[in-house]
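Written below as C-alpha cells is the structure these notes are about.
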Amino acid sequence: MAAAPRAPLPQLLLLVVAALLAALLAAAPIRRAAGAGDFDVRRHLSTVTRYDVARGSNSVNSMPSIPDGCRVIHLNLVARHGTRAPTKKRIKELDRLAIRLEALINEAKQSLKSDSLKKIPSWIKGWESRWKGRTKGGELTSEGEEELYNLATRVKERFQDLFDDEYHPDVYSIRATQVSRASASAVAFGLGLLSGKGKLGPGNNRAFSVLSESRASDICLRFFDSCETYKAYRKRKEPDVQKQKEPILEHVTAALVNRYHLNFTTQDVSSLWFLCKQEASLLNITNQACGLFNEAEVYFLEWTDDLEGFVLKGYGESINYRMGLPLLKDVVQSMEEAIIAKKENHPDGTYEKARLRFAHAETVVPFSCLLGLFLEGSDFEKIQREEALDLPPMPPHGRNWKGSVVAPFAGNNMLVLYQCPGKTSDDSTSEGQNNSYFIQVLHNELPVSMPGCGNKDFCPFEEFKEKIVKPHLKHDYDMICKIKPPVAREEPATFGSKVSGFFTGLFSQKGYRVASAENVKTEL
C-alpha cells in the first residue's frame with residue numbers, strides 16, 4: 001500500500017525537488033589521496049576538523065605589511081581547546097551503531113543474494129567502536145596537545161618582543177574554563193610558550209599559572225552556561241534545525257540504501273557521518289565510514305553541520321553572540337589598560353602584555369560574530385540594524401560560514417594591539433603623546449578584514465571601539481540573558497510550508513531564511 005503524502009505540497013513540486021537534489025548528490029566517489037587538487041574529506045568535517053588541516057586549506061597566504069615603526073604592545077587570544085576524544089554521550093551512540101550494523105548485516109544475509117552481499121563494505125562486518133567500553137570521554141588527545149603547543153611556539157616566534165620579559169602571571173595571564181580539555185589546552189600552550197625559560201627537567205620548563213572561574217559563574221568564557229534566554233532559545237530551536245536537516249539526510253539515506261543494499265535509517269546515516277568525522281579527524285582513517293559517502297554527499301552533510309552551528313551558535317539569532325559581551329568587554333579593557341601603561345611610561349614587566357584564554361567552540365563562535373567575521377555581502381549592515389540574516393548558501397554555492405574555518409579544533413582569534421608613531425603638524429613622525437594605536441585581528445593566525453572597519457585588517461583602535469564594539473554595548477548581559485515574560489505564540493507553520501521554504505534555497509544563490517514564525521519575538 002502506498003504511503004499517504006506527508007504534506008499538502010503539489011506532487012509535481014515534490015518530484016522536481018527530489019530529482020534536483022538527487023542530481024546534485026550524484027557525484028564521483030571520494031578520492032582517498034590528499035594531493036593537490038584532490039578531494040580530502042578531512043577538510044570538510046565542520047567543527048571536528050583538525051587545526052593543521054584547517055590552516056592548510058585556508059586560501060590566504062600573504063601577510064599584510066605592518067606600517068614602519070609600529071610595534072606590538074599587547075595580545076589577546078581566544079582559543080578553542082584542541083582535538084578531543086568523543087564525549088561519553090557520543091561513545092554510547094557509537095556503541096549503539098555497532099549493534100545496529102550487526103543487525104543490518106544479519107538482515108541482509110537473510111534477504112539478499114550473494115551478488116548484493118558483495119556490495120556491502122567489508123569493514124562493516126564485525127565492526128566495533130575504537131572507544132568501546134570506555135565510560136569517560138571528551139578529554140584532550142595527544143594530537144590536541146600538539147596543536148596548542150605548536151601554536152604557542154609560533155606565537156612566541158612571531159611576537160618575540162612581546163614575550164621577552166620574565167614570566168609573571170600578571171604579565172602573561174593564562175585563563176581557561178574548568179572543563180578539563182580547555183585547561184589541558186592552556187597547559188599545553190603554556191609549555192610551548194615558556195619552553196626553555198625555566199629549570200625544570202631536560203626541557204628547562206617552568207611552572208606557570210592557569211586561572212579558572214567556577215563553571216556556574218564564568219560569564220567571560222562560559223557565558224552560554226549562565227544565559228537562561230539562550231538556553232531557552234536553543235531548546236526551542238534544536239527541533240527546527242533537525243527538521244531543516246531532514247531532507248538532506250533522507251536523500252543521502254536513500255542513496256546509501258540503493259548503493260549498499262542495507263536498510264539504513266536517517267539515524268543510521270547521522271551516526272555513520274559522525275563516525276566518519278571521528279575516524280578522519282582523530283585516526284586519519286578515511287576509507288571506512290567516510291568511504292560510504294561520495295563527494296557531493298559529504299558537501300551536503302558538511303552543510304547541515306554548518307547550518308546547525310550558524311543557527312544555534314552563530315548569526316542565526318542575536319542572543320547567540322550578544323551573550324558574549326562580557327568577553328568582548330574584557331578584551332577591550334585589557335587593551336585600554338595596556339595603552340594607559342604605555343602612555344604613563346610604565347616599565348616592561350609591570351603591566352600585562354598578553355591575556356591568553358582557552359575555552360570552547362561555543363565561546364569562539366560568538367566572539368567571532370561580535371567582531372563581524374565570516375559574513376556575506378551586506379550582512380554586517382543588517383546586523384547593525386538588527387535584521388535577520390539568510391542562512392549559509394547551500395552547495396554547490398560557496399559560503400563564508402564554514403565550521404572548519406570558523407571553529408576547528410584549536411581554532412582561535414588573536415587581537416593584536418600595535419603602537420604606531422603618530423603624525424605631527426609638519427607630517428613628520430613623532431614619539432610620545434602623538435602615538436596612535438591600531439588593532440589587527442588574526443583568525444587561525446591569518447589576518448582577516450573587519451567589515452566594521454571598512455574591511456581593513458589594520459584598524460585604528462578608536463575606530464574599532466566606535467564601529468565594532470560600541471553598537472553591542474547598548475545591550476547588557478544580565479538583561480538579555482534573563483527569561484522574559486511569555487508572549488502570545490503564533491500558530492506553527494505547516495510541515496508543507498516548512499518543506500517548501502527549505503527547498504526554495506535550492507533555487508537561490510542566497511540560501512533560504514529561517515522561518516520568521518520561529519524567531520524570538522522579543523529583543524534578545
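Glycine residues also receive a Cβ, built from the backbone N, Cα and C atoms like all the rest.
Unlike curated entries, TrEMBL annotations are predicted automatically.
Positions annotated as signal peptide by TrEMBL: 1-27.
According to TrEMBL, the feature disulfide bond maps to Cys70-Cys420 (among others). Residues within less than 8 Å, Cβ to Cβ, of Cys420 (disulfide bond) and separated from it by at least 6 positions along the same chain comprise Pro67, Gly69, Cys70, Asn435, Ser436, Tyr437, Phe438.
All chains included, 22 other C-beta atoms sit within 10 angstroms of the C-beta of Cys290 (disulfide bond). The disulfide bond feature in TrEMBL is assigned to Cys276-Cys290 (among others).
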Original post:
Around Cys70 (disulfide bond), how many other CB atoms lie within 10 A of its CB?
Top reply: 18
Original post:
Looking at Cβ-Cβ distances, which residues of the chain lie under 8 angstroms from Cys276 (disulfide bond) while being 6 or more apart from it?
Top reply: Val41, Leu45, Gln288, Ala289, Cys290, Leu292, Phe293
